[in-house]
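Novice: Starting off with a structure, shown below.
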Amino acid sequence: MGERDDEAEGILEKAKIPLLKDQNVAEEENGEIKKEIWLETKKLWRIVGPAIFTRVTTNLIFVITQAFAGHLGELELAAISIVNNVIIGFNYSLFIGMATALETLCGQAFGAKKYDMFGVYLQRSWIVLFLFSILLLPMYIFATPILKFMGQPDDIAELSGIISVWAIPTHFSFAFFFPINRFLQCQLKNSVIAISSGVSLVVHIFVCWLFVYVLELGVIGTIATANVSWWLNVFILFTYTTCGGCPLTWTGFSMESFTRLWEFTKLSASSGIMVCLENWYYRMLIVMTGNLEDARIDVDSMSICMSINGLEMMVPLAFFAGTSVRVANELGAGNGKRARFAMIISVTQSLIIGIIISVLIYFLLDQIGWMFSSSETVLKAVNNLSILLSFAILLNSVQPVLSGVAVGSGWQSLVAFINLGCYYFIGLPLGIVMGWMFKFGVKGIWAGMIFGGTMVQTLILIFITMRCDWEKEAQNAKVRVNKWSVSDARK
């Protein structure tokens, strides 16, 4: 019996050995996956963290400018709000979009370690955006008749026209700020951008106080302060770049930057259209709401929801930047699988944050609403939109990240067509039908634009991303990098 027991124990021990090996392998694989997730998270947040800070501080320049103008009077506040949101806002989103061409080119070049191309890309972007800024000057010069044509009261339109002319220096600063911002971002020098934005904001607050309360320059003083702050930001980043901060990627000004401008313009334009179609879509939501019967309450409630949504969008837009850089870097390095992994990590983390924020907004909207209005009627209207606002925030936690994948992969033209179709041929008509034909008012307009536009666009982007052949995209990135290289341009 003893011998049989020993044999049985021996058999059991032998049977346990492969099980233990499998368990050890599984534990090792688990550990490797956790390590990979942690490493990718660190790389992602090295971009996302400073990007959130930068976006908040640059947007605060506009907010603080309006706040100082608001203390001068209702007319001044209305005029500078129109200039910031309509005149400057139109061009601001266009330049942001056009500068994302650098995220594709510089991001992939950085991954491929072809650093000599960076400086030429940056200079080409400066040239293209500067030419576009000249073409857009009539919007500032003829702001008064444009605003009157749009139905603005004469006094607001007249003052807005004067402010717009004084805002021209800010307009030109965008042509230099956004390209150099993307240039540094693709090299993971995000802390430099954040420091520059923080310094500019502090200076902006001080100069605003000086111009408005000490020198008593009025509303012109507030917009002049914005000019100082934006150009200070450009000066800091330009000095850092050209004075040794980027030794590998900046080798001085080059005549090569004047070559292949038409191809660069087409890529920049498709990037600009992709971003603008989305930005203008939400601006149209406010315009459409203004045509409802109880327009004042509806516009106020929708404006509050858009303000909350705009502040929350700083997070997914930072993930947009982080995703585009990470995907572009990995594709440029020929790592299709790692680009896919970077996309999954970014979407997952942004979605988790989006779920948390959307739930908090849903339950705390009453308290948050008091920050914007003390009117019980307006707050009740805002509360009625809580479900739509929460759902919009949830969708926005995914959609910009997928757009970042598109930018990192160079799909701007495709996404521009998707945005056009989803937003303006599906979402907008559906919003009109639900708002007016079915008498759902502002809830119908917004629901139609969310489910018909944003949701359909998000589903299409998810489908495209899931079907993507990442190894093929890595090959495409290699071809693109070689095509745009300085050495090729010289041949």
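Using the three backbone atoms N, Cα and C, a Cβ is placed for every residue, glycine included.
Copied straight from Swiss-Prot:
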TRANSMEM  47-67  transmembrane segment
TRANSMEM  77-97  transmembrane segment
TRANSMEM  127-147  transmembrane segment
TRANSMEM  160-180  transmembrane segment
TRANSMEM  192-212  transmembrane segment
TRANSMEM  228-248  transmembrane segment
TRANSMEM  272-292  transmembrane segment
TRANSMEM  302-322  transmembrane segment
TRANSMEM  352-372  transmembrane segment
TRANSMEM  387-407  transmembrane segment
TRANSMEM  414-434  transmembrane segment
TRANSMEM  444-464  transmembrane segment
Novice: Is it true that the transmembrane segment (77-97) and the transmembrane segment (414-434) have 3 or more Cβ pairs under 8 Å, skipping pairs fewer than 6 apart in sequence?
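Specialist: Answer no, regions not in contact.
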Novice: Looking only at residues six or more beyond either end of the transmembrane segment (387-407), which have a C-beta under 8 A from one in the stretch?
Specialist: 100, 103-104, 271, 274, 305, 308-309, 312-313, 315-317, 319-324, 327-328, 343, 346-347, 350-351, 353-355, 357-359, 361-362, 365, 414-415, 443, 446-447, 450, 454-455, 457-458, 461-462, 465
Novice: At an 8 Å Cβ cut-off, counting only pairs 6 or more apart in sequence, do the transmembrane segment (444-464) and the transmembrane segment (272-292) clear the bar of 3 or more pairs?
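Specialist: Yes, the stretches contact each other.
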Novice: Who are the chain neighbours of the transmembrane segment (272-292) in space, where the CB to CB distance is under 8 Å and they lie at least 6 residues beyond its ends?
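Specialist: Those are 85, 89-90, 93-98, 100, 298-299, 302-303, 306, 403, 406, 412, 415-416, 419-420, 423-424, 427-428, 431-432, 435, 441-442, 445-446, 449, 453, in sequence order.
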